[in-house]
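Novice: Attaching a single structure in structure tokens format; questions to follow.
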Amino acid sequence: MLHASEQRLAPIDVGQNVLMPIPCVDRPKIGPRNLMGVVTAVTDDFYSIGTQNGHLRQTFTRNQLAPCGAEFFSINSIRDGETSLRTAINTTALTTTQQENYTLKAGSCHAAEKIENRKTYGGNLLWEPSMQTFLFSATFYSGLIAAPLSGYVADRFGAKTLLLVALTDFILMTSVGPLLAKSSYWAFFISRIVMGFGEGAVFPCVNSIASKWFPPNERSTLAAIYTSGIQLSTGISSIICAFLCTTIWGWPSTFYSFAILGTLCLILCYIFANNHPKNNRWLGDEERTYLENSFETNGKHGQFKNANEMPWKEILFSREASAIYLASFSSNFSSIIASSFIPLFLKEQLGLSITQNGYYTPLAFVSQLISKNILGPVSDHLKRKGIISKTKAVRIFQTISCFGSSLMMLLICLVPTCETPQLAIPILFTYGFCFACLVPGYFTAMISIAPPCTGTISAIGNIFGNTGYILGPLILAFVSYMEFENKWLIVFAIPALTQFISGIYFMNFGSADVLQCIQVPEKIRTENYKQ
């Protein structure tokens, strides 16, 4: 029984479908749960609620995995393109000095064997380290320009169309990559700039869609699923690329293969992705009602009508948002060092062959895949049970991500040597496992604190993240130019320090609660019940 004073909208009649907050008496920290029921009796002061099987139940089906799957393949397509570039550079790009002579500071290692391993990389692209560095960061320059505009467009007009355009950009630039790389370095560089406009738009679009499809206590699981495309593409693609580079088709085949895969992703996104549950053709009325009433945002989980409605001050300057932006910078800074330069570190410092490199490199990404898909659901389970609050959950997991990955980045350049390269295996695996805790950490916070503005917040986060992406290659180029003796220690210590600082800040100010400027008191929402 519920008192009639709890009803705040239109009068309720028998037979109507009602979604209302039911408090968890035993665990009040988690707040009310939105449950679906049907009005079975009405009196002057009370009305009863039941369902066809006689009890309240939470409505949730796997139709929500349709947009989630489309987002997964979108991210997978992007990362495959990035892997193609790393493969082309790490396996075929040589400096003019390397073209004439292979050298290795092997110490007491078997120098001849290590030098022979170096020669397995081959290569005919005469690009100096500075040129290689600019290629690694080219997409991030244009991404800085595309991100803020794409986030606003996604929140204002819907994200699906913009997502399809971004994927098309990636497919076209990946397809022409080998031809441009062989003909002109600068033509290839410009194609990377063009590709960056698409990359800058993808995550704001994906996050904007996700925030409108998944209720708060399901978002860590959601983020784990659709960001798994990063690890699958980066990890598995490293093995695939290593194999393709040894075939008669060589490294260009990696570009063509991933362009074909990207086309498949584009088709899947066109069919399955939707801006909002109300636009989905496969969603049932009951689940649609549940989703449309599961957000504490005064019904504003669609697009804003004009820019003046956006709470710009809170989005830009609140402590909760700034914790997300700092985490985005530090995690992306650490990620670009790990994903782009650990293969180079394994090649130069540990003297691994291209085949060995292909097996070592994916370890961090495989462990990330395992970690996020275990800890994401665990985080959501703990929140639903009221064991920890949403904010405490994101703080705990982000702290593990920052401090754990920071420690492992220091160990990777201090412990293994060319005599004991196998010691890198547990370090790489642990690094990835800790790093992936950012998914139930700051990434969950990013799609939770302001659902109507998620695209914009993601875009601003992308600006900070792309700044980290740009600084990573530049730092390596600077350290290489200065010829510091402990080059790799310096390269890995800097992102380790930024991760540590970011972790301390997020531990104090990070949050997954909806910002007060958007949140309103819970309302009982009603809709005609359809048998």
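Glycine residues also receive a Cβ, built from the backbone N, Cα and C atoms like all the rest.
Note that this is a predicted model, so its numbers are computed, not measured.
So TrEMBL lists these for the protein:
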type	residues	note
DOMAIN	72-514	domain 'Major facilitator superfamily (MFS) profile'
TRANSMEM	134-154	transmembrane segment
TRANSMEM	161-180	transmembrane segment
TRANSMEM	186-210	transmembrane segment
TRANSMEM	222-249	transmembrane segment
TRANSMEM	255-273	transmembrane segment
TRANSMEM	323-346	transmembrane segment
TRANSMEM	396-417	transmembrane segment
TRANSMEM	423-447	transmembrane segment
TRANSMEM	459-482	transmembrane segment
TRANSMEM	488-506	transmembrane segment
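Looking at the shown structure, can you explain where the listed features end up?
Specialist: Here the transmembrane segment (134-154) has Cβ contacts under 8 Å with residues 82, 85-86, 89, 127, 162, 166, 188-189, 192-201, 204-205, 208, 307, 336, 340, 455-460, 462-463, 466-467, 469-470, 472-474 of the same chain, all six or more residues outside its ends.
If one looks beyond the transmembrane segment (423-447) by at least 6 residues along the same chain, the residues whose Cβ comes under 8 Å of a Cβ in the stretch are 207, 210-211, 219-220, 222-224, 227, 231, 320, 323-324, 327-328, 331, 334-335, 338, 342, 346, 350, 360, 363-372, 375-376, 378-380, 393-401, 403-405, 408-409, 411-412, 415-417, 454, 457-458, 461, 506, 510-512.
Within the same chain, residues 322-323, 326-327, 329-331, 333-334, 337, 341, 345, 349, 394-395, 398-399, 401-403, 405-407, 409-410, 412-414, 441-442, 468, 472, 475-476, 479 sit at least 6 positions outside the transmembrane segment (488-506) and bring their C-beta atoms closer than 8 Å to a C-beta of that stretch.
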Novice: Quick check: do the transmembrane segment (459-482) and the transmembrane segment (186-210) share at least 3 Cβ pairs under 8 Å, counting only pairs 6+ apart in sequence?
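Specialist: Counting Cβ pairs under 8 Å (6 or more apart in sequence), the transmembrane segment (459-482) reaches the transmembrane segment (186-210), since there are 3 or more.
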